[in-house]
Amino acid sequence: MTQFAVFVLHGLAYAGLLFLVSSGLTLVFGMMNVLNFAHAAFYMLGAYFSYSILQWSGNFWLSMLLCPLILFVIGALVERFLLRRVHQHGHLHELLLTFGLAYIITEGVKWIWGNYSLAVSLDGFLTGQVSLLGITYPVYRLFIIGCAVAVGTAMSYVFYRTRVGIIVRAAVDDHEMVNALGINVPLVFMLVFAVGAALSGFAGVIAGPLLTTYPGMAAEILVDAFVVIVVGGFGSLGGALLASLIIGQLQAFGVLLVPKLSLALIYLLMAVVLVVKPSGLFGEEA
Amino acid sequence: MLEVRDIHSYYGKSHILHGVSMTLQEGEMVCLLGRNGVGKSTTLKSIMGMVRPRSGSIRFQGRELIGLQPYQVARLGVGIVPEERRIFGSLTVEENLLIGKKNALDGGDGAQAWTLERVYQVFPRLHERRTNKGRHLSGGEQQMLTVARTLMGNPRLILVDEPTEGLAPLIVQDVLHMLAQVRRSGVTVLMVEQNFKAAVQVADRFYVMGKGQIVFEGDVDALLAADEVRKTYLEV
Ligand SMILES: Nc1ncnc2c1ncn2[C@@H]1O[C@H](COP(=O)(O)OP(=O)(O)O)[C@@H](O)[C@H]1O
Ligand SMILES: [Mg+2]
């Protein structure tokens, strides 16, 4: 029983990371129709920047604050000066651009930080264990769950309860019409892209001490994030949340029960959803 | 108020508008008639900035519109009600209305500004349906909502593309009545129609479009007198 609870918590921690990464990915795809291959590279940059900030300052809280800001700026620049320029040439060009960007970032990371894994170590209370109802569990995983819940709640509030959220949801439906109603849609694209990059970077920061920080970490999470946005439905924040929770649990229990097949389980889920409801769990019917 | 001069618009390589010109005075309700596929919608999209004409000029209250993005044109006081209606299906009726709100011009010229309250007063049906998703509305309700959504931006000029298309005759009368009301509130209206009988009821002046060009301009009497034009370009 306690073992079961531990795996549920493991799944939740991974779901938290996945949700932070895939929320930006799904919104960008829903609005701009761009499948951003570089999105997970922002996650990796978050982890590496955090590593360096920790080396330099020793302050994890500082890197939790700084890295998303840096990635916000990087995201805004990428959208404004790269994506927007190739936009008129069509989706294939956009796809190639983000693909190339992911590649360049990965090579850049190898060049600067080396082609091996780095250990991000924390001190203080985050490294401890807590005991609750007979379960001993690392504080840090609970901390990740807490971060994801906090950010997810704030995001849902903005998305479903504010004017900004109305605009973003409308732009997912039909951005040209939003533009014709007097909204500066290019600016909305840039901001959503930048916020998505910042969230992805934030996920990278908190993933650092838990998972390994290495040049393959982007590709690793990108696959799962793609599955999340397909299963959840493109452009749906609620869908991304639900799909992250499901895949988090599949990951955790897959490793426990069928270690060799845990990855296959995720693809199986995607295939089933695609057959039963091609637009994803929360997707709009075409 | 609006002066379109000799515009040429394209979709990729296909040349759609071959030098379209038209003029609207403030407060007028003008109707653009013509058969399917001649370029009526493209004309409205060109004014709105959704299609960029390669040459010519479009002046609105003295300002050149060509080269502006749709949101900039909207902020100058032009609103479009597109042919496909383009309701945001996953948003509620009220959210659809709120989209156009923040960048609304003030009513201007002492005209009463459109607010949620006023929209609900004029369209009680939208009030009843305010928490429903856009995609669950009937055709007539959707048409009301698109017009109201555009009015929320308090445009001085509204471009309405085939508002009666696909509606039952009774609803057509409702929609025409609503547009006449909008016009009485001081908004200039440029309407595209294929339904000649509907248009004649409400418009002051008419333009008729042939393939990418204006072939007739005049009031109701002139249009009724111009048998040739009606036969060639309107009646099927
Ligand atoms: N997005 C588009 N891409 C390519 N061709 C288009 C597009 N929209 C319209 N057309 C073509 O342009 C011509 C004029 O279309 P349109 O302005 O919609 O006509 P109307 O509104 O008078 O029926 C038609 O031949 C149509 O096939
Ligand atoms: Mg048309």
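Any Cβ shown, glycine's included, is placed from N, Cα and C.
Database features, via TrEMBL:
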type	residues	note
TRANSMEM	A:6-27	transmembrane segment
TRANSMEM	A:34-54	transmembrane segment
TRANSMEM	A:60-83	transmembrane segment
TRANSMEM	A:95-113	transmembrane segment
TRANSMEM	A:139-160	transmembrane segment
TRANSMEM	A:181-206	transmembrane segment
TRANSMEM	A:226-247	transmembrane segment
TRANSMEM	A:254-276	transmembrane segment
Q | Top Cβ-contact partner of the transmembrane segment (A:95-113) among A:6-27, A:34-54, A:60-83, A:181-206, A:226-247 (pairs under 8 Å) | A | A:34-54
(Q) Is it true that the transmembrane segment (A:139-160) and the transmembrane segment (A:34-54) have 3 or more CB pairs under 8 Å, sequence gap of 6 or more? (A) no
Q: Test the contact criterion for the transmembrane segment (A:34-54) and the transmembrane segment (A:181-206): 3 or more CB pairs under 8 Å, pairs 6 or more apart in sequence, then answer yes or no.
A: yes
Q: Go through A:60-83, A:181-206, A:226-247, A:254-276 and flag the stretch with the largest number of C-beta pairs under 8 Å relative to the transmembrane segment (A:6-27).
A: A:226-247
Q | Other parts of the chain folded back onto the transmembrane segment (A:181-206), taken as Cβ under 8 Å at six or more residues beyond its ends | A | 17, 20-21, 23-25, 27-28, 31-32, 36, 39-40, 42-50, 63-64, 67-76, 78-80, 83-84, 143-144, 147, 151, 155, 167-168, 171, 175, 217
Q. Looking only at residues six or more beyond either end of the transmembrane segment (A:226-247), which have a C-beta under 8 A from one in the stretch?
A. 11-12, 14-16, 18-19, 22-23, 25-27, 29-31, 35, 152, 155-156, 159, 172, 266-267, 269-270, 273-274, 279-284
